[in-house]
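Peer 1: Quick one: this structure, given as structure tokens, is what I'll be asking you about.
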Amino acid sequence: MGEYLLLFIGTVLVNNFVLVKFLGLCPFMGVSGKLETAIGMSVATTFVLTLASALSYIVNTFILAPLGMEYLQTLSFILVIAVMVQLTEMIIHKTSPILYRLLGIFLPLITTNCAVLGVALLNVNEAHNFVQSVIYGFGAAVGFSLVLILFAAMRERLAAADVPLPFKGASIAMITAGLMSLAFMGFSGLVKL
Amino acid sequence: MDLLVAVIILAVLGLIFGAILGFASVKFKVEGDPIVEQINEVLPQTQCGQCGYPGCKPYAEAIANGDAINKCPPGGEAGVKALADLLGREVIPLDEERGEEKPPRIAYIREDECIGCTKCIQACPVDAILGAPKLMHTVIVDECTGCDLCVEPCPVDCIDMLEIPQTIATWKWQQPEQMELNQIPIKQIFSKESH
């Protein structure tokens, strides 16, 4: 149990996918303009990431590995992720049309979120078992959500702040992201993995 | 041989996932665009066309596709606010070019002046005017939305827009934000001289 907790905390804070591993940066910059959208995107990404890492573990262990077809990993993981994203899109379209409209193009773009494929491939690389894979995927998603929501909240404040003209808009967002990344680097050494 | 196995694996995986998606698309089928229905419910359904669209439903579709939410004078400021809440957009003042907010009214035809030309019947978007050629027309009060569209075509100007008189049946509590100074009126009960 302790090992799983360690893995979870380690993935959320120490090896944060966005700020330490620099994966999934495009939704991080793209959907962080508004807090509500960021929360919606976080929920959708959490759903996709967790299920995709579980499913790709199953596909890898029970279909690809016994047949010695590990070189199909990337291809089949992309397939799994695309299906998960399609499914999420359908569910959101049905349950919350307003969120569907707000997320717009970024919802299908979860497919190309490198964090999702990154989690699936890293699971294989680090030889995680099923529970570990799910926790790793979920932890990555929670880390992504945490950073995205924090960043969105900051950007909402920044919109009203008196920023010098040359730094306005995207540049102050980049600087903020860099400072956040620095802050998260401070967690390294908290958990040894 | 390996190549064949690889192709078969991917084909089988594709088939399974395709089946899952096919099932999900039936299960989570969305009829029409639900957001348009929600917007349409907020709009006042006068079908007056002051927004530049032929009716409330087409305007709802236009809003869903990104049109401004301040083009509906019958809905007034309260309508703009409701739309802004629904769609998560900023509240913007009513577009003055589209006309101004008026209290709810209904059309009234002075029947002895009506010549029975049927022009107002053709103009009415909600079929609230009853009549036949060369016979006088009248308005079905319950159906009239007060959109003003029948006033213009009448050749003898026999249509009046009457404000709905306040009776016990039509009176409503005022919205708090429409009250003067946004607060409960304070009355001075005793004057200074009584001290």
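Glycine residues also receive a Cβ, built from the backbone N, Cα and C atoms like all the rest.
If you look up TrEMBL, you'll see A:6-26, A:38-59, A:71-92, A:99-122, A:134-153, A:165-187 marked as transmembrane segment.
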Peer 1: What else in the chain is close to the transmembrane segment (A:71-92), if you only count residues 6 or more beyond its ends and a Cβ gap under 8 Å?
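Peer 2: Answer is 44, 47-48, 51-52, 55-56, 59-60, 63-64, 99-100, 103, 107-108, 110-111, 116-117, 120-121, 124.
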Peer 1: With pairs closer than 6 in sequence left out, are the transmembrane segment (A:6-26) and the transmembrane segment (A:99-122) joined by 3 or more CB pairs under 8 Å?
Peer 2: yes
Peer 1: Who are the long-range neighbours of the transmembrane segment (A:38-59) in its own chain, taking Cβ under 8 Å and residues 6 or more past its ends?
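Peer 2: Here the qualifying positions are 24, 27, 31-32, 76-77, 80-81, 84-85, 88, 92, 96, 99, 102-103, 106-107, 110, 113, 115-116, 119-120, 123, 128, 130, 133-134, 136-138, 140-142, 144-145, 148-149, 151-152.
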